[in-house]
Amino acid sequence: MTNKVTIRSRFTPSPTGLMHLGNLRTALFSYLFAKSQQAAGEKSAFLLRIEDTDAARSKDEYTQALINDLHWLGMDWEEGPKAGESTGEYFQSQRGEIYETYYQQLLKQGDAFWCYCTEAELSLQRKAQLQAGAAPRYAGTCRHLTESQIAKKQALGIKPALRFKVADAGEIRFNDLIQGPKLFNCADLGDFIIQKQDGSASFMFCNAVDDALMEVTHVLRGEDHLTNTPRQLIILQALGLKAPHYAHMALILGFDGKPLSKRNGSHSIRELRDGGYLQLAILNYLARLGHNITDNSYLSLDELGKAFALGNINKSAARYDEMQLNNWQKIAVEKADIATQIEWLEKNNVHVQQAEKLLDVVKGNISFPKDVEFWSQRLNNQDSLEYSQEAKGYLSKIDTKFWTCLKDYLKTDAISYSALIEALKKEGFNGKALFMPLRAIFTGETHGPELQKIFDFLGKDALIQRVELAQRKFMIRQQFMG
């Protein structure tokens with residue numbers, strides 16, 4: 001690691017599934033913290049480390065997916081896996097020899113011991129403790145095994161786990177950068193596993209060791225990790241490694257008040273991307289989810305970094321609100337440049353001769369790129385038109401006087417929207433009885449862009465065609481213009 005970096009934050013996902021909103025907010029806050037320090041003149045870095053020690057559940061496809069998601073969002077890292085890498089120092093599955101060195105150090109110091117307890121035995125211990133009204137913790141069964149007892153266990157072929165030997169008494173104190181001062185009693189922790197029976201490193205161990213070796217200075221993570229922190233602090237103390245500062249964020253809640261999950265509103269980033277959400281819509285929303293930003297305007301990723309502050313992270317849980325996400329999405333679409341919006345049309349194989357004019361008409365009614373395609377089909381297809389159920393309801397009730405007035409006006413040489421509205425009002429049509437039938441005739445919908453913009457975009461010939469289509473569709477047997 002370079003000594004030039006003075007502040008280093010990190011994101012350390014396990015590739016056991018697709019990245020979801022909760023994971024992304026953790027990554028984003030860590031990323032924005034690094035950027036906020038850069039803006040303040042510090043030499044800082046954002047690090048990505050893949051914690052793939054769970055061989056059974058970790059998949060290369062998930063690693064690639066989360067890397068792709070971060071790149072898509074513009075959250076590039078200064079330190080971490082390079083494009084196309086599947087091995088290296090930033091993958092924990094490749095760091096076994098490093099962990100082994102520190103295991104041996106702990107064993108030599110007497111700070112760790114081999115545990116031969118089976119899962120069945122541990123389960124009985126937990127059950128007995130709960131029945132006695134005590135909090136479950138390791139009972140210390142193997143802490144003082146003699147060499148002969150160990151030999152018997154080995155002869156039975158029992159694979160041991162390695163446990164950290166926690167002091168019987170004492171306190172562990174640290175200052176959480178969000179939650180404030182914290183105190184834990186060693187007696188409540190119990191001797192915990194640092195190497196599993198299959199030889200792989202436990203999260204508790206390798207996460208702490210790697211943070212120290214990679215010179216991570218600030219760990220931002222969910223408060224569900226709060227009880228891991230005292231255990232990791234005593235590991236690092238025993239190894240003589242420097243501990244980072246910790247900041248534990250309140251979890252995101254779903255619509256039901258429970259931790260956010262797929263069952264109560266969460267989405268994977270891939271789902272959001274496939275659904276048409278734009279990067280800055282997601283980032284502007286998440287940057288404010290449990291974090292106060294006084295500037296409520298639509299900000300770039302760099303601007304979000306400058307606006308970020310650890311002191312502005314709320315201690316209480318934030319609730320996910322999809323309506324708020326959609327509000328930011330609408331703003332993001334409105335802010336997209338014309339070249340990007342035209343690209344949406346091209347991706348949907350929509351041929352539009354007057355692309356810029358169309359987008360000017362519908363831009364206030366677009367929340368997703370697919371909406372551009374929808375309105376393009378509504379306004380550019382002159383041969384046929386689908387009608388919504390609401391539109392059908394209005395079209396079926398149009399009386400002869402309305403049709404006659406509309407046809408008579410469109411016979412004139414020079415037409416304008418304002419003159420059409422005035423002509424219909426003179427015949428007694430106002431409000432919904434005036435505007436809803438016109439929308440239904442011209443677009444097949446009862447909502448949408450400004451009618452005047454639609455009128456001007458379609459032009460006289462297309463307007464006449466739309467009237468004829470509506471008449472034929474609803475069995476109005478009158479010859480247009482006759």
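Heads up, residue numbers simply count up from 1 along the chain you see.
Heads up, the Cβ atoms here are built off N, Cα and C, so glycines get one too.
Note that TrEMBL annotation is computational and uncurated.
Going by TrEMBL, these are the annotated features:
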BINDING   Cys115, Cys117, Cys142, His144  Zn(2+) binding site
BINDING   Lys262  ATP binding site
DOMAIN    7-326  domain 'Glutamyl/glutaminyl-tRNA synthetase class Ib catalytic'
DOMAIN    387-469  domain 'Aminoacyl-tRNA synthetase class I anticodon-binding'
MOTIF     13-23  motif ''HIGH' region'
MOTIF     259-263  motif ''KMSKS' region'
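Location within the structure of each feature annotated in TrEMBL.
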{"residue": "Cys115", "record": "Zn(2+) binding site", "Cβ contacts under 8 Å, 6 or more apart": "Tyr138, Thr141, Cys142, Pro160, Ala161, Leu162, Arg163, Asp191, Ile193"}
{"residue": "Cys117", "record": "Zn(2+) binding site", "Cβ contacts under 8 Å, 6 or more apart": "Gln125, Thr141, Cys142"}
{"residue": "His144", "record": "Zn(2+) binding site", "Cβ contacts under 8 Å, 6 or more apart": "none"}
{"residue": "Lys262", "record": "ATP binding site", "Cβ contacts under 8 Å, 6 or more apart": "His20"}
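Compute the center of the Cβ atoms of Cys115, Cys117, Cys142, His144, which mark the site for Zn(2+); besides them, the chain residues with Cβ within 8 Å of that center are Phe113, Trp114, Tyr116, Gly140, Thr141, Arg143, Leu145, Arg163. If you draw a 10 Å sphere around the CB of Cys142 (Zn(2+) binding site), it holds 20 other CB atoms from the protein chains shown. Cys117 (Zn(2+) binding site) falls within neither a helix nor a strand when secondary structure is assigned with DSSP, and so counts as coil.
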